[in-house]
There are 2 protein chains.
Amino acid sequence: MYDRIKGFRDFYPEEMAAHREVIDTVEETARNYGFREIATPAMEPTEMYVDKSGEEIVEELYSFEDKGGRDVALTPELTPTVARMVVAKQQELPKPIKWFSTRPFWRYEEPQQGRFREFYQTNIDVFGSSDPSADAEVMAVAVDVLTDLGLTSDDFDFRVSHRDILSGLLESFEADVDVQDAIRAVDKRAKIDEEEYMDLLTDAGLNYGQADNFDEMLHTDADELGTLAEMTGSDDVAAAVENLEAVLSAAEDFGVREYCTVSLTTARGLDYYTGVVFECFDSTGEVSRSVFGGGRYDDLIEGFGGQPTPAVGFAPGVMNSTLPLLLQRAGVWPAEELSTDYYLLQVGDTRSVAARIARDLRESGHVVETDVAGRSFGAQMGYADSINAETVVIVGEQDLENDEVTVKDMESGDQTTAPVDEFPGDRERPTYDDFA
Amino acid sequence: MYDRIKGFRDFYPEEMAAHREVIDTVEETARNYGFREIATPAMEPTEMYVDKSGEEIVEELYSFEDKGGRDVALTPELTPTVARMVVAKQQELPKPIKWFSTRPFWRYEEPQQGRFREFYQTNIDVFGSSDPSADAEVMAVAVDVLTDLGLTSDDFDFRVSHRDILSGLLESFEADVDVQDAIRAVDKRAKIDEEEYMDLLTDAGLNYGQADNFDEMLHTDADELGTLAEMTGSDDVAAAVENLEAVLSAAEDFGVREYCTVSLTTARGLDYYTGVVFECFDSTGEVSRSVFGGGRYDDLIEGFGGQPTPAVGFAPGVMNSTLPLLLQRAGVWPAEELSTDYYLLQVGDTRSVAARIARDLRESGHVVETDVAGRSFGAQMGYADSINAETVVIVGEQDLENDEVTVKDMESGDQTTAPVDEFPGDRERPTYDDFA
């Protein structure tokens, strides 16, 4: 007997049925906004990740040398891959490019609440528009995904921030600040104590007074963002605030502004974000890790050798991830059970009739099972029950002598007979009620 | 600029749309027969494959040592994984267990026609029934998959054979035969010349006369299989012929017997098959490699440390595989194009109205795009055309002064106006015709 690998999971049918419903909902939301499905390799050259994130990233990668001597890595995220794909067909693709895909990714990290070494994300991205309405559309998809899954604004905090406001504020100090380090400190803020946070900011180049001042500015209310530009006198901050307000105005048009909380203490850890960033949390904090995040990353495609191409996107984790935990916490996780429209129960040698009926019902798109194990009446009825069959059609030798079958409603237990030639007949979905 | 890895492919939206349609068809067929979706890890302990297939298999694996010192391999096929999963929950799972899943697999092989290092299969298996109707149900799903995809019996050869007939015939000779080697020779028969084939059979322990005799028996017609038992006097052959005939009789009941050709020269390469095996080929031979195969493998679960559990299944390749090639050859490959129900074209500052209409239409389940790039009328119309929008709704400042929008049918080019408050109104799918 073999064990599965640590950090990996098997999904049996009941659990998978719930996950499939979640994935279908997420994908349908993306499709309805005109995002188009793509499919991508599970493996890329390791250097693609090293070039983007530095040599340290290798520690988190499933990387190895393949039998042809290539240094390859299992994809830990989709962004570098889609960047590569955009660059490869940059001229021919109509803009904006709107793509989605659902697939597993792999990272060699220590498993914890909602984190596995294999996890599934739906990546949703727009390439080729720097317009604030592109940011807002991505945010609208993100919020719609959450509400389409049954969550309400009480269940989640959707925090919106802007990288250029953070960097503009940092650069407005008379200090030699490592902006990326300081932003990483902001990203860690909620997970560390205040002293450690202040140390990180001073390590990044601010003095304590500046760090304190900076942190205070991060708590500016949404309707007073304009004061940040005044206080700092920074054109960069003014432009970034204007951009954030334009995105929020578009979000208003798109019907999702009410879900958004401006929160400059939200920073997102990854270095490649360049504009609006957002992050979703469980409002109760019971799911302690971020549910998902996203934002604008305008420089990545150029960094991959392409024409300058603005980009914005996000990636909810749909399996082995925190989103399912939030749905469970909020009581909107889909039922983990099988559903079956019909079970054709054979008594005696009635397979050909049962098969004909099963075939007709399947042609109407129904889920139909029949006995393929030569089992007894009781065993078949137990099985039909275990797969939650709604209707059992009993095809018995004696009934057939009268050209009849028995139709049993499994919820009520009621049953009646129906003419075999009229089952299903012209009926799309015949049930007990049609013959009772 | 980075290259993707040899033997791996990117799927852009148009191509993916066609593949998605194929995958949806295959999965819906399986679902309608009551197969339930599972999801499985991309990685397993390497020893799982070595124990099953021998040390040579490592040459074809993407195997490596992970950062925790585990010898792991990317899954080259699903069967060992589902066997592991069945064993892990053998007691609690109701039988028969009917599972399907679609996902990528990886093998380090030389790419050729329809073969890539990363390929996607839908695996469809029944565990827990040795009844011939289980074999026949799997064959019925396989044939239905092909016909649901638009193929006819003229397009493919569906060849059915039986491992126990082959082994029974081989064992009936007065010779020390390596049955697996001889069956592998039969599997290779179509790809090698006759001399080489005969050499392989004699290497396996037959003399030339026996090899010749054996090959002749493999060409026995379907309605004369009974003669094989008589000729050899083998009870094993008699039982296997009876089993094959019972499977074909069930296939008749299930409506797919007419698609099946009995062909004992079909053997399937893998050692673990134990009963009925089948394989699908392009009837024109233009796609030279097997389209897919399957069969019964009753010993595998026990070999994985479980209770003896009969099993039968098959796995059509749905991407980077031969099935798409057959569909293309037969002219039933789905259109590779985007489809879009509505494009909301904004002229002037009309975003809030366009967004309201887009939202209403999306709520009815339509695919709706609108401008998120601040582009001109012409650029938007060009984009709407590139995504094959059926209807363009033009939301212009001037029309809005009259409380109207313009509805344009993109196929005919006809357009008319509609009251903005009635679009979409109560209509599920408003088009030009509703207002002309």
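Placement of Cβ uses the backbone N, Cα and C atoms for every residue, glycine included.
Automatic prediction, not curation, is the source of TrEMBL annotations.
Since this is a predicted model, take the numbers as computed values, not measurements.
According to TrEMBL, the domain 'Aminoacyl-transfer RNA synthetases class-II family profile' annotation covers B:1-334. According to TrEMBL, the feature L-histidine binding site maps to B:GLU77, B:LEU78, B:THR79, B:ARG107, B:GLN121, B:ASP125, B:ARG268, B:TYR272, B:TYR273. Per TrEMBL, the feature region 'Disordered' maps to B:407-436. Under the heading compositional bias 'Basic and acidic residues', TrEMBL lists B:424-436.
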In the chain carrying B:GLU77 (L-histidine binding site), residues 6 or more apart in sequence that have Cβ under 8 angstroms from it: B:PHE105, B:GLN121, B:ALA315
Other CB atoms within 10 A, centred on B:GLN121 (L-histidine binding site): 23
Pairwise C-alpha maximum, in angstrom, for the residues (B:GLU77, B:LEU78, B:THR79, B:ARG107, B:GLN121, B:ASP125, B:ARG268, B:TYR272, B:TYR273) that bind L-histidine according to the record: 21
Close approaches to the region 'Disordered' (B:407-436) from elsewhere in its chain (Cβ under 8 angstroms; 6 or more beyond its ends): 341, 353, 357, 360-361, 364, 366, 384-385, 388-395, 399-400
Long-range Cβ environment of B:ARG268 (L-histidine binding site), under 8 Å and at least 6 residues apart: B:SER161, B:ARG163, B:ASP187, B:VAL277, B:GLU279, B:GLY293, B:GLY295
Under 8 Å by Cβ from B:TYR273 (L-histidine binding site), same chain, sequence gap 6 or more: B:ARG163, B:GLY295, B:ARG296, B:TYR297
Where B:TYR273 (L-histidine binding site) falls in three-state DSSP terms: coil
Other CB atoms, at most 10 A from the CB of B:THR79 (L-histidine binding site): 20
DSSP three-state assignment for B:GLN121 (L-histidine binding site): strand
Model confidence over the domain 'Aminoacyl-transfer RNA synthetases class-II family profile' (B:1-334), averaged pLDDT: 95
Coarse DSSP state, helix versus strand versus coil, of B:THR79 (L-histidine binding site): helix
